[in-house]
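What TrEMBL says about this one:
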type	residues	note
DOMAIN	26-226	domain 'Peptidase M12A'
BINDING	124, 128, 134	Zn(2+) binding site
ACT_SITE	125	active site
DOMAIN	233-328	domain 'PLAT'
């Protein structure tokens, strides 16, 4: 099948989600597939250093690393002759997005074909690289998800099988995980619903651009990071743009919560992927994971546009208040 370099929007989601999964492989999530930890020379804390080389999506890769480095002890570092390392590279078949599960010896390839060179997709593959399966592969998933097997593409039915050896690390089912696919993933016909939440069939599944709170906490627990006791929470953020001719922005938006206990650090706000965030006269809701700060007192907004950064004055926030951000 021929897919043009800039496919229409109704084809784009299929490209990223379903083709990404076609070549996915699983492995037992044990210490054998865990990246080694070491002690940081500067602060004496546990750190996971992963050497890498890159041939594709360099800017988006750095954005993904920034999210990972800020919230966990996993640090990607440029390779300097290490025998075990990760190579981020383009695909021969440009629809493929691929990573093995966990660490393997020698050169380990993460393939990012056309349609995969976005921060959220890269984060998804990195989580596989760190040793995690898809959320819908949990052996207890039938208590949370309804699977419509009659709507599945027969060629990819194996992707929906439960993994009996999958360790959930004590976390409940995460509908907003970056490892959770959408309601129409793996469909035999575009648009057919293949899975939905039993508690709320209308719930949108997954998060295409960023880690959920549980994603972060799982990584920290699995690798015994110093941050393993940090609590994260998912929050829904509404961003509204003006309707003027020059309104809307292509910049990246970051939020930081300041509470009575601590500040959260910056979290990026965007759907990413093929979505054109913050267009003129738009109103969108985003699920964003923040470190728990206690009672929220202030909100700090930062807009980054190329090499320019704009930080707005901290806005006072009161309990139960809905915050609307006007991006113009």
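Note that Cβ sites are derived from N, Cα and C of the backbone, with glycine treated the same way.
Geometry remark: the residue listed as 'active site' versus residue 134 (Zn(2+) binding site), CA distance 10 Å.
On the 0 to 100 pLDDT scale, the domain 'Peptidase M12A' (26-226) averages 91 in this prediction. Cβ neighbour count within 10 Å across all protein chains ranks 124 highest among the binding-site residues 124, 128, 134. Secondary structure at residue 134 (Zn(2+) binding site), taken from DSSP and collapsed to helix, strand or coil, is coil.
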